[in-house]
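The structure appears below as structure tokens.
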Amino acid sequence: MAAMRPAPAPSPWQARITAAKRAYSRAGAAITLMLVVWVLLALLLQGAVAGMLHTPQLSMWLSVVISSGVLYCIALPLGFIVLRTEPMLPTRRFTLKPSRFLMYLLIALPITYAGNIIGIVLSALLSGGQAINRILDMTGGSDWVVNIVAAVLLAPIVEEWLFRKQLIGRLRRFGELPAILVSALFFALFHLNLFQFFYAFGLGVLFGYVYTRTSKLRYTVGLHMLINANGGIVAPWFMNRMMAVAEAHPTAETITNAQMGALLSGFAYAFVLLAATLAGLVLLIVRWKRREFYLAPEQLPRGATRRAAFGNPGVITCIVVGTLGTLLMLFA
């Protein structure tokens with residue numbers, strides 16, 4: 001009887017692809033777990049608190065406190081337990097010059113506004129114009145302290161730590177570009193808001209690129225804070241002042257110096273923002289041609305990257321859950 005031949009050992013490429021699929025799937029499972037725990041537990045707690053207070057709707061600050069508390073204290077630690085089993089790739093750190101930081105900030109502007117327009121149009125088409133952008137309820141309110149703490153301080157720090165440092169840091173060993181794209185996709189889905197999805201994805205790609213070139217979180221956190229401060233604090237402040245003047249219906253004879261100052265400052269802000277956005281668009285086109293990605297230690301072979309990064313249970317589940325959650329929030 002002939003001896004049985006041992007099964008051939010898997011090729012190094014196949015072993016690497018399998019490891020990449022496992023890492024990406026684990027990352028998707030971690031984000032999915034965070035999303036499900038965060039949304040369900042936050043809704044339950046908000047409903048319970050509203051019942052105890054005998055009110056149909058909680059105040060903005062209380063809703064944010066409950067939602068953020070569940071995310072930061074429960075959902076995030078649970079997801080991190082799953083994510084931390086993948087090793088972090090040690091990398092060299094590089095300093096970003098102030099001029100280069102300003103360049104990336106300008107590039108972020110056209111990405112933000114183009115993505116915002118796409119999100120608004122698509123949300124209107126899908127909902128027949130009935131969808132309401134939840135983020136406007138928060139930024140358009142009068143509770144500036146909540147906006148500053150939640151959107152300008154806490155969110156950038158936590159989100160950059162999660163989506164750039166933890167996700168990219170654990171996936172980049174298989175290739176920088178797929179790690180950036182997957183982290184940006186998870187970042188966009190995590191907002192559960194179609195109005196925000198497209199610019200969140202674009203900014204996620206930009207922030208991911210900055211992080212892979214520097215390996216320093218301070219730069220992406222700074223960019224994130226400035227973008228959120230402009231969209232959530234500065235722009236609404238100028239807009240509210242101008243709207244107040246418009247609602248007063250002043251004439252050339254009755255307009256006050258304060259009202260004139262509000263109009264002039266608002267127009268000046270809009271002009272500066274437009275000029276900065278156009279400059280950012282030019283820089284985006286120029287820098288796009290000069291983009292560079294370095295070879296990773298376990299770089300996947302050409303043709304296998306897409307299958308490894310997106311064709312796995314964890315990432316597919318995260319995309320499905322995130323998309324369903326986004327659509328449900330759109331019609332809620």
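Using the three backbone atoms N, Cα and C, a Cβ is placed for every residue, glycine included.
Note that the structure is predicted; figures quoted are calculated from it, not measured.
Among the ranges 240-262, 309-331, the one that TrEMBL lists as transmembrane segment is 309-331. Long-range contacts of the transmembrane segment (309-331) within the same chain, counting only residues at least 6 positions beyond its ends with a Cβ under 8 Å from a Cβ of the stretch, are 20-22, 24-32, 35-36, 39, 123, 126-127, 130-131, 134, 174, 178, 181-182, 185-186, 189-194, 197. The stretches the transmembrane segment (196-212) and the transmembrane segment (104-124) are in mutual contact, each linked to the other by at least three Cβ pairs under 8 Å (pairs 6 or more apart in sequence). Between the transmembrane segment (267-288) and the listed ranges 60-83, 104-124, 174-190, the one holding the most Cβ pairs under 8 Å is 104-124. With pairs at least 6 apart in sequence, the transmembrane segment (60-83) and the transmembrane segment (219-239) have fewer than 3 Cβ pairs within the 8 Å limit; the two do not touch.
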